[in-house]
Amino acid sequence: MNASENYFTMDPTENISQVLDQNRNNTNSLRTHPTVEEYYENMTAFLSLAIFIASLLTILNISIFATTVSRLRRHLDKPLLGPSIMMVGLYPIISVAALVTILVPYSWFICHTVMHVMFMVGGPVFRTLLFRYVGSEQNYVKETAGEAVQLNTPPCCCCCLCLPMVIPTKAKLCISRYMVWQMPFWQGSIMLVMNILYYRDIQLYRQVMFFFIPFIVCSIVLGAWSLQITVRMITKVRGDYQLRKKMFCLQLVVMLCKLQYLVLYDQLDGIKMGGEYPINHTVYKQTIINILILVEMVLVSMMVQSAYRTPVQVQIDEVNKEKEVTRI
């Protein structure tokens, strides 16, 4: 009996199981990340060029950060200096995470978590910076004399139209603070669990990952809503500090590193790239996405540099005016 006769005499269920196993193996070979040794032993010209470009973009981003920090240290007061440096430092950290993902593809989920953490950390720091622009929460309440604030701001501008205007008090500002500070604790715990599942049991991770998404989305929406309300409050007092531009730069972390990442991760599956394991489709796909993020982080860093010129420039103008008055 030859091989063809053996094939036709096999149980049909065995044929189906073999086909399914083969398809599963093909899928795994496309999705599996290579080890560091396999990655560099099979390096291609495209990946070498990508690493070179990614390194240059990361160095450029760090240079922009150093220039911005140098300017801030010369002109900002100490209460504003720390939070301002932390805010402009989010973007070079994201660039380093994207570079590490290209250098070590297997570390992509940890690096993606680092990008996510930047928004979780940036939210509370930015809120602290906002109230330091006016001294403190108590000073804001005194300075505005109980002026009411609207709650229908993005991302809840449509569903909160029925909510009345609120007069800021110590208790209500405390609630706003908790809405922002829940992000690092709540999302940090979820991302820690997801990292453990991904690197310990990836099959279990793929089964349960969708159950975590609603909790992460709700946490981000609550934090962003509270920050938008706070920006609107402080803008009435410090309208020349470009607070909306600073908030937009922070939101770009989520938009570019989270939403864009997830969208492109699925969309690029329709384009055939790479070959068989180890330099497979997933490696090419992640390299392209992270190169795009690196380019965007350079542009965002330039925008951040422009946004954080104030209150530096405002303080310089005030000093110049005082000098002119004393001369007169």
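Easy rule for this one: first residue shown is 1, then count along the chain.
Every residue, even glycine, has its Cβ placed from backbone N, Cα and C.
The N-linked glycosylation site feature in Swiss-Prot is assigned to N2 (among others).
Annotated N-linked glycosylation site per Swiss-Prot: N15 (among others), in sequence order.
Under the heading N-linked glycosylation site, Swiss-Prot lists N25 (among others).
A simple way to gauge crowding: the CB of N42 (N-linked glycosylation site) has 15 other CB atoms within 10 angstroms, across all the protein chains here. In the three-state DSSP scheme, N42 (N-linked glycosylation site) falls into the coil class. Annotation comment: Swiss-Prot describes N42 (among others) as N-linked glycosylation site, evidence class sequence analysis.
Reduced to three states, the DSSP call for N280 (N-linked glycosylation site) is strand. Residues annotated as N-linked glycosylation site in Swiss-Prot, with sequence analysis given as evidence: N280 (among others).
Annotation comment: Swiss-Prot describes 1-44 (among others) as topological domain 'Extracellular'.
The list of residues near the topological domain 'Cytoplasmic' (66-84) in space but at least 6 beyond its ends in sequence, with Cβ under 8 angstroms from a Cβ of it, reads 125-126, 128-129, 132-133, 301, 304-305, 308-309, 311-312, 315-316. Under the heading topological domain 'Cytoplasmic', Swiss-Prot lists 66-84 (among others), citing sequence analysis as support.
On the 0 to 100 pLDDT scale, the topological domain 'Cytoplasmic' (128-177) averages 81 in the predicted structure. According to Swiss-Prot, the topological domain 'Cytoplasmic' annotation covers 128-177 (among others), on the basis of sequence analysis.
Swiss-Prot lists 199-208 (among others) with the feature topological domain 'Extracellular', giving sequence analysis as the kind of evidence. Same-chain neighbours of the topological domain 'Extracellular' (199-208): 109, counting only residues six or more beyond its ends whose CB sits under 8 Å from a CB of the stretch.
Within its own chain, the topological domain 'Cytoplasmic' (230-247) is flanked in space by residues 87, 126-127, 130-131, 133-134, 140, 143-144, 147, 149-150, 153, 168, 176, 180, 303-304, 306-311, 314, which lie at least six positions past its ends and keep a Cβ under 8 Å from the stretch. Annotation comment: Swiss-Prot describes 230-247 (among others) as topological domain 'Cytoplasmic'.
Feature annotation from Swiss-Prot assigns topological domain 'Extracellular' to 266-287 (among others); the stated evidence is sequence analysis. When Cβ-Cβ distances below 8 Å are used as the criterion, the topological domain 'Extracellular' (266-287) is approached by residues 29-35, 38-39, 42-44, 46-47, 50, 101-102, 105, 108 of the same chain, each at least six residues removed from its ends.
Sequence annotations record features per position, and here Swiss-Prot assigns topological domain 'Cytoplasmic' to 309-328 (among others).
Under the heading transmembrane segment, Swiss-Prot lists 45-65 (among others), citing sequence analysis as support. Residues 88-89, 91-92, 95-96, 98-99, 102-103, 279, 283-284, 287, 290-291, 294-295, 297-298, 301-302, 305 of the same chain lie 6 or more positions beyond the ends of the transmembrane segment (45-65) yet place their CB under 8 Å from a CB of it.
What Swiss-Prot lists as transmembrane segment is 85-105 (among others), and the listing cites sequence analysis.
Residues annotated as transmembrane segment in Swiss-Prot: 107-127 (among others). For the transmembrane segment (107-127), the residues of the chain that approach it from at least six positions outside its boundaries are 33, 83, 86-87, 90, 93-94, 97-98, 100-101, 176-177, 180-181, 183-184, 187-188, 191, 194-195, 198-199, 220, 223-224, 226-227, 230, 246-247, 250, 253-254, 257-258, 261, 286, 293, judged by C-beta separation under 8 angstroms.
The transmembrane segment feature in Swiss-Prot is assigned to 178-198 (among others); the stated evidence is sequence analysis.
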Of the stretches 85-105, 178-198, 209-229, 288-308, which racks up the most C-beta pairs under 8 Å with the transmembrane segment (248-265)?
-> 288-308
When a 10 Å sphere is centred on the Cβ of N280 (N-linked glycosylation site), how many other Cβ atoms does it contain?
-> 20
With the cut-off at Cβ under 8 Å and a gap of six or more residues from its ends, the chain residues touching the transmembrane segment (288-308) are 50, 53-54, 57-58, 60-61, 64-65, 67-68, 72, 84, 87-88, 91-92, 94-95, 98-99, 101-102, 115, 242, 245-246, 249, 252, 256-257, 260-261, 264-265, 268, 273
Given the transmembrane segment (178-198), its same-chain partners at Cβ distance under 8 Å and 6+ residues beyond its ends are 109-110, 113, 116-117, 119-121, 123-124, 127, 204-205, 208-209, 212, 215-216, 219-220, 222-223, 225-227, 230
Please report how many Å separate the Cα atom of N280 (N-linked glycosylation site) from that of N42 (N-linked glycosylation site), as a whole number.
-> 11
